[in-house]
Amino acid sequence: MRSTIADIRILLKNTMSLLMREFINKGALLIMLFFIGRLLGKAQLGQYTLALVISQILFLATDLGLNILLIREVSKDKSNASKYLFNFGVINFILSSLTLVLAGLVVVVLNCPKEVALVIYLCAFSYFLVRLIVLFESVFQAFEKMEYQLFGNLFKNIIFISLGIWYLYNGGGLIGLFCIFFIANALTLAIMGFFCMKMIGFKYPSLEIDALREYIIKTIPLWLTQLFAVLYLKIATLFLYRINGDEAVGIYNAAYVIVDGFIVLSGAIATAFFPLFSRLHRSSENDFKAVYEKSLSLVVFLFLPAAVLIALLSNRIALLLYGPGFESTALVMRFLSCTAFLVVFGSLNTYVMVTLDKQKVLPFICGFGVLLNVALNLSLIPRLNYIGAAISSILTEFIMFSTLMFVVIKCLGGFSLARVFLKTIIAAFVTGVFVYSFRHANIFVVVGLAILLYLAVTYFLKGFIFRERGYLKRILSAS
C-alpha cells in the first residue's frame, strides 16, 4: 500500500511538472506575441510567427520519434543511460544539422527577403539547441525527474521574456530578439547538460548503428502522426506568407493563438486520463467506455462555452490583447474559435486509439488531413486571404474530428453522442444569448456573469459537472 501511495505521489509530481512546463512555454509564447503585436505591428508579428512555424515543422519532420524511444529504453535500463544518450545524441545532432539545411531550402522556396531569411535562420539555429535540450529532458523524464525539465524551461523563459521585453521597449527588432532567444537556449542547454551528465555518471560508449536503425523503424507510425498533425494545423502560415505576405501571417496567427491554447489545455486533460484509460482497458471494457464518455463530456463542458465566448467577444479580445490595427484579427478569431473547439478532441481520441492498439491507423487519418488542408488552402487563400485560411482550418478540423470520432466509436461498439453534447449545447446557447445581448458592456463583468449563468443552467439541466462528479471520483479512487 505504501509503495502504491509513493507511486501515486511521484506520478502526480511528474504530471504537474509536465503540465506546468507546457503552461510556461505557451504562456511565454503568448506574452511575446502580445508585445510584438503592440510594439512592432502586424508585419513583424507575421515574420516572428513564420519563423516559429517553419522551425516547428522542420523540428518534427526530422524528429523521427527518437525521444519517445529514448525515454522508453532508459526507463527499462537506467544503467545503460550513457549508451542511449550518446547514440541518440549523435543521431539528434545529425538530424538537427539537416534541419538547418532544410530551413535554407524553405527560405528559397518562399522567396524571403534578406531580413526575413535572417530571422528564420536565427530561429532555426535556436531550435538546433532546443532539440538537444529535449534530448536531456527525455533522460530526466525516464528517471522520473521532471522537475529538472520544469526548472530548465522556467530558466529559459525568464531570460527570454525579461530581456526580450526590455529589448523591444528600447526600440529593438526581431533579429536582436531571436539572438536573445538563441542565448537563452544556449545557457539552458549548458545547465541541462551538466545536470543530466552528473545524474547518469556519463561515460563515452560506442556508436550502435544497427540498433538505432531498428529503433527508427519502430517509431515511424507515431512520428508520421505527429508530423501530419502539425502540418495540417500550421501549414496555412506558409501558404499565407507565399501568397499574401507577412501582414496576412501576422493577422492570422494573432488569432490562431487561441487554437494553440486550447490544444495545450485539452492535451493536459488527455494526459491525465491516459493512464486511467490504459488500466481500465485491461480490467473492464465497460468502465473504459464509460470513462471515455465522461472524458468527452468534460471536454465539451469546458471548451464549448469558451469557444462561444471567444466568438462573440472577438472584437473586444483582439483590441484588448493587440490594440488598434488588429481589427481584422477579430473576424479570423471568430472563425478559429470553431477550429479551437474541434481540435480539443484530437488529443483525447489519439490516446484512446493508442490504448486500443490502433495507432497504425492514425498516420493515414492525419495524412488525409494534410492533403485536404493543402487543397483547401490553395483554393481559398488566393480568393479570401486569411479568411480563406481560417475556413480551410475549420473544414479540415471538422473532417478530422468526424473521421477520428467515427473510428473510435466503432472500436468501442457505439454510444450516444447526444448524451455527451445535448445539455452542454443548451447551456452554452443560453449563455451565448446573454453575452451577445451585453457584448458592449465591461468585458470582465460580462465574462464573469456568463460563467455563473452557464453553471446555473448546467445545474438546472443536471448537466455533466453536477451529474457525474461522484462517478468520476469513484473511478479515479478505484484506479
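Backbone N, Cα and C atoms are what each Cβ position is placed from, and that goes for glycine too.
Marked as transmembrane segment by TrEMBL: 23-41 (among others).
Residues or ranges marked as transmembrane segment by TrEMBL: 84-110 (among others).
As annotated by TrEMBL, transmembrane segment applies to 116-136 (among others). Long-range neighbours of the transmembrane segment (116-136) within the same chain, counting only residues 6 or more positions beyond its ends whose Cβ lies under 8 Å from a Cβ of the stretch, are 47-48, 50-52, 54-56, 58-59, 63, 67, 70, 85, 88-89, 92-93, 95-97, 99-100, 103-104, 106-107, 152, 174-175, 178-179, 181-182, 185-186, 188-189, 192-193, 195-196, 246.
Within the chain, the transmembrane segment (148-169) has long-range Cβ neighbours (under 8 A, six or more residues past its boundaries) at 17-18, 20-21, 24-25, 27-28, 31-32, 35-36, 39-40, 133, 136-137, 140-141, 176-177, 180-181, 183-185, 187-188, 191-192, 195-196. Among the features that TrEMBL reports, transmembrane segment is placed at 148-169 (among others).
For the transmembrane segment (175-201), the list of distant contacts is 32, 36, 48, 51, 78, 81-82, 85, 115, 118-119, 122-123, 125-126, 129-130, 132-133, 136-137, 139-140, 143, 145, 148, 152-153, 155-157, 159-160, 163-164, 167-168: same-chain residues at least six beyond its ends, Cβ to Cβ under 8 Å. The transmembrane segment annotation in TrEMBL covers 175-201 (among others).
Taken from TrEMBL, the feature transmembrane segment covers 222-243 (among others).
Per TrEMBL, transmembrane segment is recorded for 255-277 (among others).
Under the heading transmembrane segment, TrEMBL lists 298-319 (among others).
Per TrEMBL, the feature transmembrane segment maps to 361-380 (among others).
Same-chain residues lying 6 or more positions outside the transmembrane segment (386-408) and placing a CB less than 8 Å from one of its CB atoms are 232-233, 236, 239-240, 244, 248, 251-252, 255, 259, 292, 328, 331-332, 335-336, 338-339, 342-343, 345-346, 349-350, 352-353, 358, 361, 365-366, 368-369, 372-373, 376-377, 379-380, 417. The feature transmembrane segment is assigned by TrEMBL to 386-408 (among others).
Under the heading transmembrane segment, TrEMBL lists 420-438 (among others).
The transmembrane segment annotation in TrEMBL covers 444-465 (among others). Using a Cβ-Cβ cut-off under 8 Å and counting only residues 6 or more beyond its ends in the same chain, the transmembrane segment (444-465) has close neighbours at 294, 297-298, 300-301, 305, 309, 313, 423-424, 426-428, 430-431, 434-435, 438.
Within its own chain, the transmembrane segment (420-438) is flanked in space by residues 293, 296-297, 300-301, 304-305, 308-309, 312-313, 446, 449-450, 453-454, 457-458, 461-464, which lie at least six positions past its ends and keep a Cβ under 8 Å from the stretch. Listed as Cβ neighbours of the transmembrane segment (222-243) (distance under 8 Å, sequence separation of 6 or more from its ends, same chain) are residues 46, 49-50, 53-54, 56-57, 60-61, 63-65, 68, 106, 109-111, 249, 252-253, 259, 343, 346, 350, 359, 362-363, 366-367, 369-370, 372-374, 377-378, 381-382, 385-386, 389, 392-393, 396, 400.
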